[in-house]
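Peer 1: Pulled these features from Swiss-Prot for this protein:
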BINDING   ASN8, GLU382  Mg(2+) binding site
BINDING   LYS15, HIS206, LEU207, GLY208, ASN209, GLY210, ASP281, LEU282, ARG283, GLY329, ILE330, GLY331, GLU332, ASN333  ATP binding site
BINDING   ARG89  substrate binding site
ACT_SITE  ASP146  active site, proton donor/acceptor
SITE      HIS178  site 'Transition state stabilizer'
SITE      ARG239  site 'Transition state stabilizer'
Amino acid sequence: MPKVIAINAGSSSLKFQLFNMPSEEVLTKGVVERIGFEDAIFNITVNGEKIKEVTPIPDHAVAVKMLLDKLIELGIIQSFDEIEGIGHRVVHGGEKFSDSVLITDETLKEIEDLSDLAPLHNPANVVGIKAFREVLPNVPAVAVFDTAFHQTMPEQSFLYSLPYEYYEKFGIRKYGFHGTSHKYVTQRAAELLGRPIEQLRLISCHLGNGASIAAVEGGKSIDTSMGFTPLAGVAMGTRSGNIDPALIPYIMQKTGKTAEEVIDILNKKSGMLGLTGFSSDLRDIEEAAAKGDQRAELALEVFAGRIHKYIGSYAARMCGVDAIIFTAGIGENSDIVRAKVLRGLEFMGVYWDPALNKVRGKEAFISYPHSPVKVLVIPTNEEVMIARDVMRLANLA
């Protein structure tokens with residue numbers, strides 16, 4: 001059975017998951033953090049046991065070498081040759097990539113060229129790709145893009161009402177993100193509903209520290225809440241979501257900050273952190289709200305309220321909806337947020353059971369059996385989607 005590794009490289013981190021394919025059995029997973037520092041942390045889980053090591057890891061190539069050596073040392077693989085495919089998460093594929101792609105010198109250059117669209121993420125993803133090429137040069141590698149699933153959006157969804165030449169010259173448009181997650185949970189929802197995805201109108205709510213909503217009709221994304229960048233859409237942990245663009249020069253004028261500094265505030269100091277003044281972590285906010293902290297309660301209402309509005313908007317866009325899906329850290333685990341989001345949607349045919357809504361972190365229907373619109377909790381699995389694409393594109397199946 002081929003072994004395939006799914007990789008998510010950040011600027012100073014490397015997440016990994018090793019699969020036996022096509023059974024999709026997870027052999028091990030882990031993360032290398034603080035790459036580039038003397039006190040880098042190597043975490044790996046084997047047979048449910050977590051192993052942690054603190055050691056200097058100067059760069060991603062060293063992290064990759066260490067990871068592979070560790071797999072042999074722990075007896076997970078006998079030799080590097082057992083790894084037959086590598087899948088890399090790449091945040092931005094622009095308009096160039098509407099599907100995952102086998103990485104060649106040419107496609108790698110194209111991914112690098114897209115870095116101005118995702119300056120925080122794509123360069124780190126490229127570093128991860130190059131590190132694996134250095135250590136395992138002959139193993140086929142596949143890039144899986146966060147944006148690819150949303151490339152089916154029609155122009156009316158992805159165009160901004162700006163001068164049209166900005167789109168033609170600079171590629172300014174809505175791209176959307178979390179595509180691999182939205183694709184996984186909508187495909188899984190169709191399986192759980194026992195209906196062909198081609199017949200379904202689904203609304204997928206990926207709610208983590210970053211959050212996005214997607215309208216998926218017939219298995220294709222037709223609209224999503226994030227935009228040209230992951231800053232757009234609903235309020236998030238530290239991101240503002242949609243605001244009036246004229247606020248940017250106004251804040252600059254009032255505070256003396258530069259445009260870059262204001263964008264940094266919108267990305268890192270806004271959202272629920274900005275509203276509460278103390279945390280972007282939903283668990284802290286729910287705890288504070290339960291103790292009567294009014295700003296914490298307000299942050300929850302703002303967060304859930306924006307999601308609630310997107311659901312109404314996307315239901316209108318698709319002339320109805322068959323199921324609403326909650327996924328990612330908050331979507332899978334917070335019954336409080338789900339309840340606030342779903343409150344008042346009975347007019348649309350959404351009837352949910354408060355007892356079933358107590359579920360955390362596992363697949364479940366939380367709607368009543370008679371509810372015309374089903375509501376599901378589905379833990380996302382982006383890594384398995386990456387592994388499946390490696391099998392498909394590297395012809396390992």
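Including glycine, each Cβ sits where the backbone N, Cα and C put it.
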Peer 1: For ASP281 (ATP binding site) and HIS178 (site 'Transition state stabilizer'), determine the Cα separation and express it in whole Å.
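Peer 2: Taking the Cα atoms only, ASP281 (ATP binding site) lies 19 Å from HIS178 (site 'Transition state stabilizer').
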Peer 1: If you measure every Cα to Cα distance among LYS15, HIS206, LEU207, GLY208, ASN209, GLY210, ASP281, LEU282, ARG283, GLY329, ILE330, GLY331, GLU332, ASN333, the residues said to bind ATP, what is the biggest one in Å?
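Peer 2: The widest Cα-Cα gap among those binding residues is 24 Å.
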Peer 1: Looking at the recorded positions ASN8, ASN209, ARG239, ARG283, ILE330, which has the shortest Cα distance to the residue listed as 'active site, proton donor/acceptor'?
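Peer 2: Nearest in space to the residue listed as 'active site, proton donor/acceptor', counting only the recorded positions, is ASN8.
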Peer 1: In sequence order, what residues of the same chain, 6+ apart, have a Cβ less than 8 Å from the Cβ of ILE330 (ATP binding site)?
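Peer 2: Set apart from ILE330 (ATP binding site) by at least 6 residues yet with Cβ under 8 Å, we have LEU207, GLY208, ALA211, LEU282, VAL337.
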Peer 1: Helix, strand or coil for LEU207 (ATP binding site)? Use DSSP.
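Peer 2: Note: LEU207 (ATP binding site) is in a strand by DSSP.
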Peer 1: Which binding-site residues (ASN8, LYS15, ARG89, ASN209, GLU332, GLU382) fall within 10 Å of HIS178 (site 'Transition state stabilizer') by Cα distance?
Peer 2: GLU382
Peer 1: If you count Cβ atoms within 10 Å of the Cβ of HIS178 (site 'Transition state stabilizer'), leaving out that atom itself, what do you get?
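Peer 2: HIS178 (site 'Transition state stabilizer') is surrounded by 30 other Cβ atoms within 10 Å.
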Peer 1: Rounded to the nearest angstrom, how far is the Cα of LYS15 (ATP binding site) from the Cα of ASN8 (Mg(2+) binding site)?
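Peer 2: With the alpha carbons as reference points, the distance is 5 Å.
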Peer 1: By the DSSP assignment reduced to helix, strand and coil, which category contains ASN8 (Mg(2+) binding site)?
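Peer 2: In three-state terms, ASN8 (Mg(2+) binding site) counts as strand.
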Peer 1: Specify the count of other C-beta atoms within 10 Å of the C-beta of ARG89 (substrate binding site).
Peer 2: 22
Peer 1: Please work out the number of neighbouring Cβ atoms within 10 Å of the Cβ of ARG283 (ATP binding site), leaving out its own Cβ.
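Peer 2: Here the count is 12.
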